[in-house]
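Annotated features, as they stand in TrEMBL:
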TRANSMEM  70-94  transmembrane segment
TRANSMEM  100-133  transmembrane segment
TRANSMEM  145-170  transmembrane segment
TRANSMEM  190-215  transmembrane segment
TRANSMEM  222-242  transmembrane segment
TRANSMEM  262-280  transmembrane segment
TRANSMEM  301-331  transmembrane segment
TRANSMEM  351-373  transmembrane segment
TRANSMEM  406-425  transmembrane segment
TRANSMEM  473-495  transmembrane segment
TRANSMEM  507-526  transmembrane segment
Amino acid sequence: MPKLTDLSETFSNGLKSITSHAINADLDIKKSQIRDVHSHIAIDARAAKDDELLAAVGYKHELKRQFGPFNMLGVAFSIMSVLPSIASVLGYCYSINGALWGWFIACGCIFCVGTCMAELASSIPTAGGLYYWTYHYSPDKIRVWLSFLVGNINTLCLAAGVCSIDYGFAKELLSIVYISKDGDFEVTNGIVYGVFAACVVSHIATACVASYGIAKLQSVSVVANITLVVFFVIVMLVGTKNKNDAKFVFANFQNLTDFPDGWAWIYNGFMPAIWTIGAFDSCVHMSEEARNATRNVPIGILGSIGLTWFFGFIVLIVCGFCVSQDLASIIGTASGQPMAQLIFNALGKKWTVAFMILICICQWLMGASTITATSRQAWAFSRDNGLPFSSFIKVVNKNLRVPIRAIVFAGTLALSIGLLCLIGPTAANAVFTLSICGNYFAWQTPVMLKLYRTWFGDGSQKFIPGTFYLGDFWSPVLNVFTLFWTNFVIIMCLLPSVKNVNKESMNYTVVVMGGVTILSMLWYVAFAHRTFHGPLNTLDAGEQQREEKDDKIDALLQVDSSSE
């Protein structure tokens, strides 16, 4: 008779064999679905893989995954919106004639920041992004409050970005009225805010109603922006009679500021690119609506920066050939829009009105994309109880699978911040610059912590690369450069834009940024520490159990992630 130990060993081996066959069968099914890229099942399989990764992070998937690579690129590129953005910052460009090369260099530096962001997004793609990564890589003693600070500042600064874009839309739209009436129209702060508020409300309605078409809207925006740039280039070069020579465009330098030439070139040369290319983290906030997020989010980030870099350089070259050499008259135009004055001098009234209408349309699309990304950050942060009224804001509409309440919250926050614009241009500039300083702080924090974990972490604390990774040498190098660049930009944005400062020309961003930081920490100490404890696990018990069972399969499938 066989011994009891032999029977036990035989039974154990048989059970292991059955379990192994079950795992291998499940693995084969998942592999076949992922590799079959031409079938509808393959799309679902990729979405399932995204959801498995999100579940590993600890979140239940609630939003509809409808963003492919082109849609993800469109999210950030439509917010950057080359020609409307340059139209808003052209005054910086022509305070010196030499901003062309400042644009090129600054865009290269920003591309390095985007590369670091793409690595983080590829490793852990979640809508919370920046504050989640901050929590994940922070030392235990500071992770909760630092994560809260980053999440709170990121939310406020994205809302300030909505203000900046929609305020620019209001100014551009009113410049059309001013030109159409031959200057017989007074643009007051109240009128500007009224147009701004109407624009924000239209974006709230669009983001809520057009939920199923929001991904397609990004594609439309990409096509519209590129078409507008091509149209602008052709018409301006053909229609301008007296063009400047290449030396004026590429080699001439005029300093119309009261700063020394070196600082004037840096400040006024870099700022147009910094103002324009500041929304690539919007792709991160759309991660939970992206298919194959570990690949497509980096494509959206780097593709949008690269396209804006290229097309912006072309637009500035064309403007250089077509602009009047009396740059002071362009900057000080009574319409308040240097781009409108440039086009008016070159092509006349009718063409100016036509171009400004097209620019306004693209500017409106910018705002629609921005409020969408802002709402996703607000939704993600409220999901982890980081915002006041989080239990209300984090509710997702089950039919549309869209965070409608977060969209309304984002729009309301933008309208509230925009009230500061009623004070005047000085307050408005402080609000808009806040969006730069705050976002650069939010971008640099997880990069710094990731670098810290790369050098000093061990085990699960180390950075685990995703699909996009530059390697063990170049990744830390770019991280270090990113920290240098982001701190440089923050300091530059806090400085006055003129040498001789008075109360009108003072840069109050340092006051606004300091106030936001202090109030955020006071809110955390007084109230938020009771509700915000870092990212939460939103999986139910059944989902969490399935996730634990699938850990082994997920690890094996990781090898095949590049084939998706």
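Even glycines carry a Cβ here, placed using N, Cα and C.
Note: TrEMBL annotation is automatic and uncurated.
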Have the transmembrane segment (473-495) and the transmembrane segment (406-425) got at least three CB pairs under 8 Å, pairs 6 or more apart in sequence?
no
Remote residues contacting the transmembrane segment (145-170) - C-beta distance under 8 A, at least 6 residues beyond either end:
79, 84, 88, 128, 130-132, 134-135, 138, 192-193, 195-196, 199-200, 203, 278-279, 281, 285, 360, 363-364, 366-367, 370-371, 373-374, 377-378, 381, 384, 386-387, 410-411, 413-414, 417-418, 421, 428, 431-432, 434-435, 437-439, 441-442, 445-446, 516-517, 520-521, 523-524, 528-529, 532, 534-535
For the transmembrane segment (507-526), find every same-chain residue at least 6 residues outside the stretch whose CB is under 8 Å from a CB in it, and list them.
145, 148-149, 152-153, 156, 426-427, 429-431, 433-434, 437-438, 493-497, 532
Top stretch among 70-94, 301-331, 351-373, 406-425 for CB pairs under 8 A with the transmembrane segment (262-280)?
70-94
Check the transmembrane segment (301-331) against the transmembrane segment (100-133) for contact, please; criterion is three or more CB pairs under 8 Å, pairs 6 or more apart in sequence.
yes
Long-range Cβ neighbours of the transmembrane segment (406-425) (under 8 Å; 6 or more residues past either end):
155-156, 158-160, 162-163, 166-167, 189-190, 192-193, 196-197, 200-201, 203-204, 207-208, 371-372, 374-376, 378-379, 382, 387, 389, 393-394, 431
Cβ under 8 Å, sequence separation of at least 6 from the ends of the transmembrane segment (70-94): give me the contacting residues as numbers and ranges.
103, 161, 165, 168, 171-172, 215-219, 221-222, 225, 228-229, 232, 256, 268, 271-272, 275-280, 282-283, 286, 290, 296-297, 299-301, 303-305, 307-308, 311-312, 315-316, 319, 323, 327, 330-331, 337-340, 342, 359-360, 362-363, 365-366, 368-370, 372-373
